[in-house]
Amino acid sequence: MEGFSCSLQPPTASEREDCNRDEPPRKIITEKNTLRQTKLANGTSSMIVPKQRKLSANYEKEKELCVKYFEQWSECDQVEFVEHLISRMCHYQHGHINTYLKPMLQRDFITALPARGLDHIAENILSYLDAKSLCSAELVCKEWYRVTSDGMLWKKLIERMVRTDSLWRGLAERRGWGQYLFKNKPPDGKTPPNSFYRALYPKIIQDIETIESNWRCGRHSLQRIHCRSETSKGVYCLQYDDQKIVSGLRDNTIKIWDKNTLECKRVLMGHTGSVLCLQYDERVIITGSSDSTVRVWDVNTGEMLNTLIHHCEAVLHLRFNNGMMVTCSKDRSIAVWDMASATDITLRRVLVGHRAAVNVVDFDDKYIVSASGDRTIKVWNTSTCEFVRTLNGHKRGIACLQYRDRLVVSGSSDNTIRLWDIECGACLRVLEGHEELVRCIRFDNKRIVSGAYDGKIKVWDLVAALDPRAPAGTLCLRTLVEHSGRVFRLQFDEFQIVSSSHDDTILIWDFLNDPGLA
């Protein structure tokens, strides 16, 4: 290697003196040593490089002899010799060798793997890249581009996003490109090439950005269902999925609507009072009424399967999940039920502690949370049904709440919304803006959506609301005004809000298909 002697003979005294000239204290930069330091235009120093040296007279002859001996040794001998040789070198020589070795130690393993028949490993490695990195990988060289193309890595990236993100999953269903994912054969039987998915990805991102912008700016399309109640008007409760909307009405009926055609598919009758609350899953619809009963219906046939008689006044709210149901009533009590089946529902425990009507309940595996006209939120242990703590802060009765993870969001007749940490009972934020009682509230990871007796629906920034540094005036993103009466209930997802009102209508606010963009 140029720049140092490679003789196998012990160094002469003069050679040792020359090599040890920079030994400790090693001054890299002196007036007499063999290094020079250049200055860059900005005043910083460049790397230190050796000056050109004249090679000794015997170097060329001895170099070939060194190489000849070196090649005759075993690999272990070669390594030991090089280590010994390096240990005798000066600091700047180490730097010179390091610069020489760096490119030799770099390996394009993505290109090397297919050459050994290991394409699948190269594809698997690159499949962990995000979109920006995958774009860069395509530009490295032709072989990297071939690996990304043959491995259908854009398809795999989109599939990964659909599996892990509900917004992507919803877009796949609504836009129709979900049929080209997860090894499903498309209708024409032909699998699109990688370029199809490469072009699809930015279109998905554009859709997502449009949805976010529409939510913030209030751009939406609107569909309206007129419930046409024959007696008293008002839609007290609802729940929806992609196919249907189930609504509970003031005229004592449950109406099921086709979400696409907006036509009424079925009317369930049996309650003798207004239907105030409901929930359904893939098997049953469970409803609570001002007639003090809870009724269970077959979700597919509409047949009434069970009637639960326990509360002595109106059943104001209910929730069920994983074989358990919780109901609450104007009679100030909370009932906890075990659900073995639709026809086998037994009362487990009655929770008493509120001093006024219990308007709403929610629960998970850890806590049952209830809110009342007595201005308090109470927390109960789900397993033992024992009381845990009370959340105090609202100035008037509480009409609605939702609980998930550590967060409770509540709405009150004091016209405010409060965010609570359920573990310590602290109020994290107070949201002000509604002019009358806040009747319904829902939240997800990004937003809070509230409806009130002022007829308005407000969209709030949840992330900002949880940041104590965020100014109060920036938290309400948009106010939606279309209902002509009190807003009783709402539900929302990434794409839409569905709301019901005292004006006897159900509104579908679609933030994906903004007519202004058509």
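Don't overthink the numbers, they just go from 1 along the chain as shown.
Even glycines carry a Cβ here, placed using N, Cα and C.
Residues annotated as region 'Disordered' in Swiss-Prot: 1-24. Taken from Swiss-Prot, the feature compositional bias 'Polar residues' covers 1-12. Annotation comment: Swiss-Prot describes 14-24 as compositional bias 'Basic and acidic residues'. The feature domain 'F-box' is assigned by Swiss-Prot to 119-157, with sequence analysis given as support. Taken from Swiss-Prot, the feature repeat 'WD 1' applies to 230-258. Residues or ranges marked as repeat 'WD 2' by Swiss-Prot: 270-298. Marked as repeat 'WD 3' by Swiss-Prot: 310-338. Here Swiss-Prot flags 353-381 as repeat 'WD 4'. Annotation source Swiss-Prot lists repeat 'WD 5' at 393-421. Marked as repeat 'WD 6' by Swiss-Prot: 433-461. Annotation source Swiss-Prot lists repeat 'WD 7' at 482-510.
In the repeat 'WD 4' (353-381), helix, strand and coil residues by DSSP number 0 helix, 18 strand, 11 coil. Per-stretch counts of Cβ pairs under 8 Å to the repeat 'WD 1' (230-258) identify 270-298 as the leading one among 270-298, 310-338, 353-381, 393-421, 433-461. The recorded stretches the repeat 'WD 5' (393-421) and the repeat 'WD 6' (433-461) share 3+ CB pairs below 8 A when only pairs 6 or more apart in sequence are counted, and are therefore in contact.
Sequence-distant neighbours of the repeat 'WD 6' (433-461) (same chain, 6+ residues past either end, Cβ-Cβ under 8 Å): 215, 218, 399-402, 404, 407, 409-413, 415-417, 470, 474-481, 483-494, 497, 499, 501, 509. Confidence in the repeat 'WD 4' (353-381), given as mean pLDDT, stands at 98. Here the repeat 'WD 1' (230-258) is broken down by DSSP into helix, strand and coil counts: 0 helix, 17 strand, 12 coil.
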